[in-house]
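According to TrEMBL, the protein carries these features:
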DOMAIN    58-435  domain 'FMN hydroxy acid dehydrogenase'
BINDING   TYR84, SER167, TYR192, ARG227, HIS332, ARG335  glyoxylate binding site
BINDING   PRO138, VAL139, GLY140, GLN190, THR218, LYS308, SER330, ASP363, GLY364, GLY365, ILE366, ARG367, GLY386, ARG387  FMN binding site
ACT_SITE  HIS332  active site, proton acceptor
Amino acid sequence: MKSTTLVFCCSIYSTNLFSVYAQSAQELINSVLNPPPGSEHYSSYSSEIYFNHTLYNQTPVASTNYDRLEASAKLLLPPAAYDYAAGGAGLEKTVAANREAFDHWRILPRVMRPVQPSRNLTTRLFNRTLPAPVVMAPVGVQTLFHPDGERATSKVFGELGLPYTLSTASSTGFADVAASNGAGNPRWYQLYWPSDDDLTRSYLETAAANGYEVLVVTVDTWDLGWRTRDLDRGFFPFINGVGVQIGLEDPVAHQKLGFNPLAANATAEQKQTAALYHTITTSRGVSPVWSNLWKLREVWGDKPIVLKGVQSVEDAKLAVEWGVDGVILSNHGGRQIDGAIGSLDALPAIVDAVKGKLTIGFDGGIRSGADIFKALALGADFVQLGRPILWGLAHEGEKGVRHVLRSLLAEFEITVGLAGCVSLQDVNRTLLVES
Ligand SMILES: Cc1cc2nc3c(=O)[nH]c(=O)nc-3n(C[C@H](O)[C@H](O)[C@H](O)COP(=O)(O)O)c2cc1C
């Protein structure tokens, strides 16, 4: 069996089993095993996995199942880092609610429709056509999970042409992430809105200068939630200088501090002062308010501004009134308020209220391609991936990130097809039932 046919397997990119171009049995097989360039699909990742095992006795770097992925990441990570990512606020009821919300809906597939192996997942988002409506959620301090941190995650999202969101709590700066993400790729910047307007202006100007094109303003984390796992250890990486790189590199912060903490002659005490300054100015315990949004618009101009952390219909309507371009329905992965509504449970009412007036993003609890399908079917315009990517990162850096992202996209594309959808236009609430 390991003859000429399988020689092609190392470049398997397609499961185009019913290619109309196949004339003979051999041509049909070749069209599957060695497809024409440009006809690749996310779902072909499954063939790649099967053939890599058949030919080379290789299995993926981590599981394709979320629970097993998280379990092996836990073994690889220091306990404090694992708990920092896995944990939530208080009794972690909101973390659980985010997952339970997905069980409130079941997919009701349609059959006998003209679905081809290549399903059209492209979507138009903030003046870009994207290959899929999938975005990297802003996640800080990624070097906790692998030394390559944000460099690895931004590289993989760039490779796939999917938006990467850089956090204000990043352990890597604007320019370095832009370089690893790659020229021309869609990059977003997430702001923890500083209490000092000069710093805000400086962060936004540096972001724009480095090609970040959408501003995501996180509005639910102006004070830190009661994160019991971290509290029990006293674990707060920012004080030790991890997750404060945006502040350490900022020229206006240098002026305010009176020194450059990254200078060769900077003392350890100065570095710690600068880390504290960044942390305090970005999580100051004073809520941002609607009436100050103009300050961001003044610096950011016409480029898209999106509010992350909206959960109520009233706030979504206010977002329309105040002229922002989008909202991301999110409860910060259950890390802020314990006992909050499951993120997906809040989605339908917000979609009913503001769909078409705003771009609607969603995150919280997405663990599989089927979850992505459900969120989109309920009306989200895009979804964000958080914890699954971190667990991938723990597995050999970019290799694990690539595996997890390709797996989620593959399962999503397969689910779209098996539910009877040719493109995302077909993915709607008629394919879901409440359970
Ligand atoms: C370790 C960790 C760090 C995070 N850091 C940020 C951040 O810096 N800024 C932000 O807006 N959200 C942050 N989030 C929240 C994510 O953007 C997203 O809302 C959340 O991870 C979604 O939940 P899920 O990962 O369970 O799907 C963080 C989440 C985790 C798990």
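Every residue, even glycine, has its Cβ placed from backbone N, Cα and C.
Feature map: annotations from TrEMBL on the structure.
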residue : record                  : contacts (Cβ under 8 Å, 6+ apart)
PRO138  : FMN binding site        : THR165, LEU166, SER167, THR168, TRP188, GLN190, VAL216, THR218, LYS308
GLY140  : FMN binding site        : SER167, THR168, ALA169, SER170, SER171, GLY243
TYR192  : glyoxylate binding site : SER167, THR168, ALA169, THR218, THR221, TRP222, THR282, SER283
ARG227  : glyoxylate binding site : GLY87, GLY88, ALA89, ARG335
SER330  : FMN binding site        : ALA137, ASP220, LYS308, GLY309, VAL310, GLN311, SER343, GLY361, PHE362, ASP363, GLY364, GLN384
HIS332  : glyoxylate binding site : THR218, ASP220, THR221, GLY225, GLY309
ILE366  : FMN binding site        : ILE372, ALA375, VAL383, GLN384, LEU385, GLY386, PRO388, LEU408
Fewest-neighbour residue among binding-site residues, criterion Cβ within 10 Å, set GLY364, GLY386 = GLY386
For glyoxylate, with binders TYR84, SER167, TYR192, ARG227, HIS332, ARG335, what's the maximum Cα separation in whole Å?
-> 19
Could you give the maximum C-alpha to C-alpha distance in Å for the residues PRO138, VAL139, GLY140, GLN190, THR218, LYS308, SER330, ASP363, GLY364, GLY365, ILE366, ARG367, GLY386, ARG387 that bind FMN per the record?
-> 22
Kindly state the mean pLDDT of the domain 'FMN hydroxy acid dehydrogenase' (58-435) in the predicted structure.
-> 97
A correct count of other C-beta atoms within 10 Å of the C-beta of ARG335 (glyoxylate binding site) gives 23
Measure the Cβ-based neighbour count of TYR84 (glyoxylate binding site), defined as the other Cβ atoms within 10 Å of its Cβ.
-> 23
